[in-house]
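Now, the feature entries from Swiss-Prot:
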- 19-26, 83-87, 137-140: GTP binding site (BINDING)
- 10-285: domain 'tr-type G' (DOMAIN)
């Protein structure tokens, strides 16, 4: 092997920082980079110069959009940090980063505790089995409540989370933390930007409380660790090392979540949380074997981090970098790869050459000769690779599980101002859809109008802004429209028969198809139940294809038909006149004929909406949610305000920000997250069909 790895695998951590928007995640990441010596000047998100937020749009909006991958060093460990966005419109970025992480730090706002997007990212982390520690940030804020934040983890996430620290003071008096494992106090020097603190005995006024909390921590660990339980019940002393080892084991098994306190903005507590990353989060050697598939045999193959095994990596993000052009972020699972060598893109079965390999720091980069298992790096030169592709040793192809991409829920029309803008827009849309699989662009063949769709208004705003800024496209943007869907609610059988005789060769296709509703989210499923060759083998794929094409345009109002099973069970053919095209048309006719019997309905996206308002405006806010066809899910108190949880159709949420602002004198805030699709009420369905007039035949 030409090069040696710089850090052993056991001393490597691949982590993500996850949070609700505004919980202080970017500031926390900044501080990590500052204390690990990667940056020399601290950037503040709210002043727009944070190191991690490297796209112009992020600098302007003060939110994190793209998961920049950064390498840092703490003590003698390498920590690769993937900065994930906290805004719900960028959920795919969070999914992508979780897919390649080994562990995560969940950042909470000490005043708010668990918020809606925290629930979302926590659930995603559960899906991918990512161990987490929690950092309760903003302890310097008025209303900061560490204990309430820990409680919210239990109540809202059902998480077995326990404090391994206790804050000293809060709001203006927050000056440090008490370590409940080593039973010492870390008190910060205000003048040293957090780079200096004193570890001292626990101040007398906190001793009793600290002893009580350590006892509670030991009890909580005993519940998930038999060895600690035995010692605890036997009244034996439990050493700090034993306690730490038990917490590590339980955290790696997703049975325990250690909680830290701090204020990234005020430079307190970040280093102790970094110690937590090392102490409790996994190295690539600690995670479960990674399951891949052999494309030749279909067999499952388990991958463990090992430099000697054949190379296998996942491309988890494509970015257009101003300096190097197309940059592919990869996570290496096994083996190693030198720059200049060839890899097989096993997902597309094509060879690609990796020109250069880069180690990324927020917005600068270092060229490296080789990457090893467990590494996260940027590759230049991969022309055909897209998000979710598997890159492997050409002699050992493997398919790693790809990413689940959610469907967009909102769309707008984009009209270029001139012919030159049209050409630039085509290039821009191709690049942007490559980078972000939840962003789609399509042109209506009849009207020539281009529609872009995405995960929310902010998502589309940012994409349009990027078209203007990066590709110099001047375009007119239409009103946002809801991405409705259609589905069947009843079983229906129908025949589709297409016969055309007009001199010369005719056309003949005849099918009987049984349509049944599928489970929500299962999509379209096709079953071939033909017996005795009544529809010849070679025409069956055409029936499947004909159905899929027809479903794109729905049966009621031109919206895609989803979650339907189709079983082809009978039909007939003509020796001479039958063709693939004829069976395609026959299938689409069967779908059309089934529509009236299958209880077709239009589905609309329902958003989970959380509104925070001062109590005096509660009546108005609740009235306005009800008026928007919202259903209440519950209410809670938070820092002197009321928090209303509800479900509201997306179509009713346009312009809500303005309504809320005026009805609460600018003091109310809201967040919304896509939750599920639901049938529209009959009157609204009729309106939609009428508006789309003519598209539904």
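A Cβ is built for glycine as well, from the same backbone N, Cα and C atoms used for every other residue.
Everything Swiss-Prot records as a feature, shown here on the structure.
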residue : record           : Cβ within 10 Å
19      : GTP binding site : 28
22      : GTP binding site : 20
84      : GTP binding site : 27
139     : GTP binding site : 29
Average model confidence [pLDDT] within the domain 'tr-type G' (10-285): 84
